[in-house]
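Shown next, in structure tokens, is the structure this report addresses.
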Amino acid sequence: MIHMAIQSNYSTVLISEFLLICFPNYQSWQHWLSVPLSLLFLLAMGANTTLLITIWLKASLHEPMYYLLSLLFLLDIVLCLTVIPKVLAIFWFDLRSISFSACFLQMFIMNSFLPMESCTFMVMAYDRYVAICHPLRYPSIITGQFVFRATIFIMARNVLLTMPIHILSSRLRYCVRIIKNCICTNMSVSKLSCDDITLNQLYQFVIGGTLLGSDLILIGLSYSFILKVALCTCGPHFILILFFSTVLLVLVITNLARERIPSDVPILLNILHHLIPPALNPIVYGVRTKEIKQGIQKLLRRRR
């Protein structure tokens, strides 16, 4: 009977606000923690705002790459303004209460904008991939229209796919109003419900893993291709430098240990040191360079 009465009370009481309890076991640290948080908040806001204004005012920065950076700076500003002022208000003025609507608005922005940042990083990785792996095609692929479409995709994908999280959470009946967190995360809030939250947790896990996982996979692929091009470009250069320094080191060691090593070895190494690099350098720095390769081909055609 008592249990039924409690259930009845839960169904009739409407919670209009929550209480945020930051660091329940270490509340005495909050004033000290507020100092570095305030400085970091001012730094983040100042730096992102300054960069946004700089890109906006400087005509030479009106390029697709800087538009993507502007989107990233804007997302950072929104996320900071959504979370940090409330945290500082709790630390400084003990303003722990947050309305139901404000809590869910904060949850919506965090759940939507964090994947937007991840998706923006993915688009920026693709931008770098095209710039490094296909530099001649970069101006025709990465255009202002591309950035506009990418921005629409970033916003639409993450808002539409994360919206059910907030719909599911808002339909729950809440039995407790104390959130043991500084912010209204979905998991912290949904745990206060007296309803079954299995579907809520499952959807957030699946959609979060899908969004962030797919972004990380695509970012990894982009940079793997970039690394491959970098190794193809710089690999022979690195091998030559390694060979050059290794031979010099071996020469020094063999000269120091002349009694234990046959005298012919240092002589051979010395000869190879003066022969192999001059033989490989034209291949690495000459023939592998596209412009020089085309010049050689034109020269051979003239002689024919």
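The backbone N, Cα and C atoms fix where each Cβ goes, and this holds for glycine too.
Straight from TrEMBL, the features:
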- 35-57: transmembrane segment (TRANSMEM)
- 47-304: domain 'G-protein coupled receptors family 1 profile' (DOMAIN)
- 69-92: transmembrane segment (TRANSMEM)
- 98-125: transmembrane segment (TRANSMEM)
- 146-167: transmembrane segment (TRANSMEM)
- 202-226: transmembrane segment (TRANSMEM)
- 238-257: transmembrane segment (TRANSMEM)
Of the listed stretches 69-92, 98-125, 146-167, 202-226, the one with the highest count of C-beta pairs below 8 angstroms to the transmembrane segment (35-57) is 69-92
Stretch-averaged pLDDT - the domain 'G-protein coupled receptors family 1 profile' (47-304): 82
